[in-house]
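K.L.:
Submitted below is the structure of interest, expressed as structure tokens.
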């Protein structure tokens, strides 16, 4: 079918016709010379002939004649036109529109309806509903200022004021409509908006007709996490997307919005952009064509040219551009008519997806004098140079007060003018100026200039019912609410105020963001001379002011001031006299004079009084308050330390001596410096500039953190929630740490939560690992809930950056060292000599010290000298490998002084002691080595000079957490940039660390490091490398052995040069197991030959010609053969280890030397030669488990091993070796493998080195089978395997010791059975149960051999039915069987499990309901089975053949469908036994009937393959399992067969073994009693022991978790533990029915219905069905009806009706069933299932005519769309139960009406295959393959036809079908071509 796969490619492609391509080309050529007078862009052709040349000449002339200035004219509103595509930046976001900044200082607006079609649709829905939609985001949620957006100019209009306005659209349908689906290519960067959220991603509207764009969820995760704060994308959200893949010629497009993909997207020529569809925002690679003073012309995408005006050059490179320079540029706009392209070279635009950072300019509103003109543009405006050198721009209409007054000559370059900064253009990063007098003199420029409480003059614009509108300036309008038109309420304001009147107002509230200004005209407020209250913070008790009453309540008046500040005048403060009813005395809007009694800014509460402080009592109170509250929150004070407590310092605030508390964590911004300062501060010390954080009645809390103090001083600390907006960066401290996040408090007392998800850019496992309480942090506000006074914060570094990394890092370092210097000054004030000495010691000081002792850890302690108690120590690293003895004098350098432990850390390193006097440059970069680490900074030494420099370990206040892999270590190399060149008082240079990528690892020996690092790290080798040598390869040298390592010996040669001798170059023949390096002794003189030189840094061997050879470590050889003959040198010319390794062939034996055992990777690392290494994987080390358990004990480091080369390792730099011979997994080989998977009852999957996989059958796990053969195996266990077969990709293995260790010759209890030939009749064999079939039990005897024990030969107990077998013989149970017969011809093995044959106990335990069969009965059974089971045997035979042909593990598996018992008619299956079925079983039966695939007894096995979608129901085994520990694990009811009430209690068999001694028959007992004599003492003793044993046995049985219940108590215990398990309740009912206790069974059912949880609907239904069954069998019609009516109330009625109909049918109550079906047809006439079931019922009863009438009625009642389905179902029923000819007629009739219903065709084919002849089947197939259906459907039918012919036809017929398929494909493709 390969040809078919090729012929039906998925999705299909559309061929482009030649005419189409020609047309496209002609269009592009037409546009080529469409040149405008304003600008042009030329697409150059590589070769042009004839008339094209003359045209080109004309153009050039035109261009030269045109002035450059005109060409580079910057954009003005006039040069815009509708349809122009342009890049913009979001400047402001309002509820209903966006303000967009455009290039060259222009501005445009986007209406809310121009975002996207999906968003507009949602808006319309909201308008219709008249309430907000949950999933509709507002514009401020979708857009943020600084976002770059691609716009298209939708219209250019004129506003009411006569100003020109630009309307833009962001709708992708408008922006991207220039693209077609065919033009889409992978890698293109487009913009789109989210149109809907799907299950696996988002549909994105990219506005390209015919293209559906999909963004998969995983591609959006990074964006959602980083940019969207974890929230899902919303409809209308604007995205920059990169096309990942395009399918179906642009029909389906997959997108990505990952930051890395978007920011690096570049438009390329392969993407076939044209001038028609070029989009703004695309980044292109370009070449400078021409450089002019006003800008550049660029050539990009090979054929196009564009302009860059001076505003869009890169500011740093302006003036340095030259022709043909390669640059990157971003397309700014494309003119639709002239095709003129403008570009920008500003770096900010070259990374799509990144927002613009600078959104405003600091001097907005400033008036500037004498600003010089830089350039003038007649159509656009003029540019000016500001004092700081930056450019500014004024539009034409802002250059003069009116058009008439405008004089162009005044704007010659150099002329100066007075102007005002009025705006900022984000797109150009320019300030916008105005020279208009009215603007320069305006009191306020924008809403942001107006402050609450200010006096403002304006003119009345209009008077409306909601207030009076006042014009303050051109841009600003304010509203005076009706309440504020006068001191008293006014009824007719129009009488007092007229339009155009000038008025003086006072500002009540100004919100610049919302452009909202509220003012008052109340005369008292406007003329008031008292201070205005505009915030809670500045309000002091005793302050008198004016306000107005906002509300009058019975508890007092609420008085409002400016800026929404309000306070309460309590009832007792309203007047000197008592006011019973304030509402009668005061009114809303009344102006009042109040005095402030108390103010709490943190809670925004203020207490006021109308009783002005005139009486002396009050005055006294006020004075007292003032005195107590002399410290205000936010105030800076000086404090004196009183005493130290556990958590901080008790201090007193000067000068009033107010007690306060300063916690330890608030002493410094640096976590480590807090405890240090706390330690050295003493009572009496004074601290200056301490901040008051909060204060209550008794407690003042202080803070000395410099970051918080500077925040408060700079006024950057918001006092109220209303001042806080998302995006703000605030500095605070960690208040408390919870599992879910961190609470951060700010100086004003406000606090917020930083949730765990946005606490850090790193993954947070435990919050307390990242922050500590009291730590200073920078937080970014992400969310504010003003009502609840809550805010959410982000502490991520990516969100909270305060500036560039280097600056903040340096600031933190200098602050930290400054504080430590302060600690030194505190120490120098102490009396102790030791402390004063420590205070004077600074890093970098050189001391002469005497060694006191060398400690065990290698560190050195020096003697204290003249200062007692002085501790000086050098760590092992800082000993620098020097031999040190006590008493020795040494020069050391101080690295750091530990001011808490009072220790001095010093170093003996010579480079540091002997510093080089070299002048250092500020800003220069140096390599340095970390010498000492503190918590917040590190001290490193510069490699070149040895100077000590400090650098901060953090670059941010929040940057406190490091993973272990990120932490620096002493000895590690870092790159530092110096910020100071003199040490200063701290003794250290200040530096900043470069990127972490420049760090290098410490060069010391570590276990896990590779060989190269080890060699470098050998100090004895590295010491000698500083010296140059003049040796060359082949020279003979003499030297002394310096040290001996396991795999090499270090030798000192003359001149102090150090050389190496590898273990492989000591002896010519190395005996296995010896260590050659042990032959040499330290101090021994050796003569050696130089065979190579190894580079110190890279460890590679260099050729002698290499310039660095003179600095290499000489590699030597002392092999006798080398010394005599002078063998050639090491192969130094091939640099790559790969070349050297290729010399070794697989199978070759080599001698290698063990370097180490890598515990992590589980391999031995060995060296074969100085430059060749190898690895021996664990599984190739040995075939002994003992060795594999502890390889390090078996092998010594340095020992010589003989190994076999297996091949190069996957890393290619190592040889892969084996110690167990060549690793060939061939038949008969023994190898070690590792278990990867354990498949219950099947076997194991084992993996070997190099990826080979093998399978072990359960029969090959051991020589002796066991009940749980696989329980000792778990993944990763190492096993020894024998390869049985390597013919397949997957090996067949055996773990039997008779195979893996044949020499042991131990007995094999269970021999291997690989084929039927290995079995003899009469043989006793053990095997595992495969499955239980209707005709008997299948027992697996070997991987591919299965035997059958027919039911009578399974057990001698009666009845050994399938249900019982399934219960007691689960799959995998171990049984012993006797072979009765072997039929080699038919491949049948007959077995018997009977005790008489096997000599083993019966397979079933004793049960009250099981009695042994009589001999005659047994015989009859067998004959009956034989007679009935011929068909089954045939089927078995087929199965066996299939099994033998299968390989490996699958051999042992039966096809799951064949395992299923074929359904027999119920009467035959169960006779007329009272029968109770579970609902789920009946439902399953119904489903099968629906599928119309019910098999009859005579069916062949064929139907199995076309029963599509039939679920296999797991059969429940209630056997006690090893793992089943508690009854709570009882399964829900999923029985595969119903309950049969009179079968006996086989399901409840006890776990106790039959009691032979006590429960013999009663007849035996009676004579025993009569003949009983007096027992002897011994007999009585024995009896007593027996009784005790019996008792303990019963106790054990009761404790057994798998024990079967035997009494009502047992059942009660079980249902208590599993109350929701219907299977237990049904077993309980069955238990009572067994004893014919019907009432008790009913009571159990009622109990069950009350007990089972209401959520378990199916479980309850099972009990209802059981109860219906019970009533049907044992109750009356009346009791059945009652139960039925209750069941209908409590369950889905239809289900109950169908269950009862089935019960009636099975109990042969056909009349009742018929009546019930008629009731159902009335009640559920719209249910298709009811009609089909009734039809089936009638057909089974032989009433074909009635069934046909039911079908007609069904078609009348059911909707049209169901008809085909119903007809098809009835036809299937006819096929199965009625007349096949009629069924065919129905199908034919349906298909003539609906010829394209492939589902009906499919069913018809299935039915005909099952019930018709081969000719009929072929006829139908022939008709189907000539239908005109979709290719996909045709492919399906051809495949079905081919499968059918392969199964039933000849080779010729198979070929014929293939030929027809080929014809169809060719016909189809030729049609497409035409």
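Cβ coordinates are placed from backbone N, Cα and C, and glycine is handled just like the others.
Unlike curated entries, TrEMBL annotations are predicted automatically.
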K.L.:
For the feature region 'Disordered' as recorded in TrEMBL, pick the matching range from 1256-1297, 1298-1339, 1340-1381, 1550-1591.
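P.N.:
Checking TrEMBL against the ranges 1256-1297, 1298-1339, 1340-1381, 1550-1591, the region 'Disordered' one is 1550-1591.
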K.L.:
Have a look at 955-976, 977-998, 999-1020 and point to the one annotated region 'Disordered' in TrEMBL.
P.N.:
999-1020
K.L.:
Of the ranges 1-60, 61-120, which one does TrEMBL flag as region 'Disordered'?
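P.N.:
Spelled out, TrEMBL records region 'Disordered' over residues 1-60, not the other listed ranges.
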K.L.:
Ranking 83-171, 727-796, 1147-1220 by the number of C-beta pairs under 8 Å to the domain 'S1 motif' (634-705), which range is first?
P.N.:
727-796
K.L.:
Do the domain 'S1 motif' (365-436) and the domain 'S1 motif' (1147-1220) come close, with at least three CB pairs under 8 A (pairs 6 or more apart in sequence)?
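P.N.:
Since fewer than 3 Cβ pairs under 8 Å link them, the domain 'S1 motif' (365-436) and the domain 'S1 motif' (1147-1220) do not come into contact.
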K.L.:
Where, among 83-171, 542-611, 727-796, 1147-1220, do we find the most CB pairs under 8 A to the domain 'S1 motif' (281-346)?
P.N.:
83-171
K.L.:
Which value does the mean pLDDT take for the domain 'S1 motif' (281-346) in this predicted structure?
P.N.:
89
K.L.:
At an 8 Å Cβ cut-off, counting only pairs 6 or more apart in sequence, do the domain 'S1 motif' (727-796) and the domain 'S1 motif' (542-611) clear the bar of 3 or more pairs?
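P.N.:
Per Cβ check, the domain 'S1 motif' (727-796) touches the domain 'S1 motif' (542-611).
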K.L.:
Using DSSP, how many residues in the domain 'S1 motif' (83-171) fall into helix, strand and coil?
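P.N.:
Its residues fall into 20 helix, 36 strand, 33 coil.
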K.L.:
Cβ pairs under 8 Å only, please: of the recorded stretches 187-258, 542-611, 1034-1107, 1147-1220, 1228-1296, which one is richest in them relative to the domain 'S1 motif' (453-522)?
P.N.:
542-611
K.L.:
Go ahead and report the DSSP secondary structure tallies for the domain 'S1 motif' (281-346): helix first, then strand, then coil.
P.N.:
6 helix, 35 strand, 25 coil
K.L.:
Where DSSP helix means H, G or I and strand means E or B, what are the helix, strand and coil counts for the domain 'S1 motif' (634-705)?
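P.N.:
Computed counts for the domain 'S1 motif' (634-705) are 11 helix, 35 strand, 26 coil.
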